[in-house]
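S.K.: Sharing the record's features from TrEMBL:
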type	residues	note
DOMAIN	23-288	domain 'NADH:quinone oxidoreductase/Mrp antiporter transmembrane'
DOMAIN	290-344	domain 'NADH dehydrogenase subunit 2 C-terminal'
TRANSMEM	60-80	transmembrane segment
TRANSMEM	92-115	transmembrane segment
TRANSMEM	153-171	transmembrane segment
TRANSMEM	178-196	transmembrane segment
TRANSMEM	202-219	transmembrane segment
TRANSMEM	239-257	transmembrane segment
TRANSMEM	277-294	transmembrane segment
TRANSMEM	326-346	transmembrane segment
Amino acid sequence: MNPYVIAILLSSLGLGTTLTFASSHWLLAWMGLEINTLAIAPLMAQHHHPRAVEATTKYFLTQATAAAMILFASTTNAWMTGEWSIAHLSDPLANTTFMAALALKIGLAPMHFWMPEVLQGLDLLTGLILSTWQKLAPFALIIQTAQNIDPQLLTLLGVLSTLIGGWGGLNQTQLRKILAYSSIAHMGWMIIVIQYAPQLTLLALMTYIIMTSATFLTLKMSLTTKINTLATTWSKNPMLASTTALVLLSLGGLPPLTGFMPKWMILQELTKQNLPIIATTMALTALISLYFYLRLCYAMTLTVSPSTNNSTTPWRTQTTQTSLPLALFTTATLGLLPMTPAILMMTT
């Protein structure tokens, strides 16, 4: 694709998100989300592969449905209350419709069905944008309106997402689908705590973006999209394979890695709010997700000689990707846990 076109599309992505961040009027927020969707569609379909075009079509239809629901919810709210301001979302029907629309936008269960299919049809860099940048604008709106939305609905969405994100990833062999289910599970962690401590949702979103960026850039560096080709990474690049195993464990939320920090603080907040059953359920669903991360670690680091490995060794092609972003994101994914006391000071 022409570099000028890519520059225009990427700046439109930035503009759409910034517009949604800065808006206090429903129509402006909706416009920002629409600019976002229209800017990423050509990036998704740029390779002209049938799968990429199919993924783009699915993504466009789900996002258009969600945008129509947001417009319907904001119009209903304006009709009932006379207010177009985002802060004044007080009509119950508009509230529920709006939350359902944003759940569809970011792929929360049970509106998650498009996410694995779409991510599977994309290349890794576009998949990275879809999994990270595209979550920012909807989350800005959810955080602004979370206090008006039914707490039981938020809890249900959170628990369902972590459960389905864990179960769905268990049987997958495609890495992009596994990362899609990982994304659904992480979204559940963010939604469950948003009504009690929105700052923890922001913390979880930031750590999720860092960890997911490190994972996608690693897969791009090793040119891997399936578990059986992941098994040959060790012989190609042992250092990358060992750091990737740690990045995956960080995504699973194991101490002493960065991924443990948001989960620890969210469970602590849920316990403070007198919700021990929900906190226990969330901790148990994290174990389901941890299983498929461990499966990836096993395939990557424990199937080297003298163990048997039935996958065909691919050509050792040299990657042209710059390794600086990967190094920065990997370092952040592995080493930010000691910053927890400082973050606690800022969030309380």
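Note that Cβ sites are derived from N, Cα and C of the backbone, with glycine treated the same way.
What's the neighbourhood like for each of these?
M.R.: Sequence-distant neighbours of the transmembrane segment (60-80) (same chain, 6+ residues past either end, Cβ-Cβ under 8 Å): 26-27, 29-30, 33-34, 37, 41, 88-91, 93-95, 97-98, 100-102, 104-105, 114, 118.
When Cβ-Cβ distances below 8 Å are used as the criterion, the transmembrane segment (92-115) is approached by residues 33, 58-59, 62-63, 65-67, 69-70, 72-74, 76-77, 80, 134-135, 138-139, 141-142, 145, 148-150, 153-154, 157, 160-161, 163-165, 168, 180, 183-184, 187-188, 191 of the same chain, each at least six residues removed from its ends.
With a cut-off of 8 Å between Cβ atoms, the residues of this chain six or more beyond the transmembrane segment (178-196) that come close are 106-109, 112, 115-116, 118-120, 127, 131, 135, 139, 142-143, 146-147, 149, 151, 154-155, 157-166, 168-169, 172, 204-205, 208, 212, 215-216, 251, 262-263, 266, 269-270, 272-273, 278, 282, 285-286, 289, 292-293, 296.
Below 8 angstroms of C-beta separation, residues 182, 211-212, 214-215, 218, 221-222, 233, 263-264, 286, 289-290, 293-294, 296-297, 300-301, 330, 333-334, 337 of the same chain, each at least six residues beyond the ends of the transmembrane segment (239-257), sit close to that stretch.
Remote same-chain partners of the transmembrane segment (326-346), defined as residues 6 or more beyond its termini with a Cβ less than 8 Å from a stretch Cβ, comprise 199, 203, 207, 210-211, 213-214, 217-218, 221, 243, 246-247, 250, 255-261, 264-265.
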S.K.: In terms of Cβ proximity under 8 Å, which residues at least six beyond the ends of the transmembrane segment (277-294) contact it?
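M.R.: Tertiary neighbours of the transmembrane segment (277-294) are 155, 158-159, 162-163, 165-167, 169-170, 172, 178, 181-182, 185, 188-189, 192, 248-249, 251-254, 263, 266-267, 270-271.
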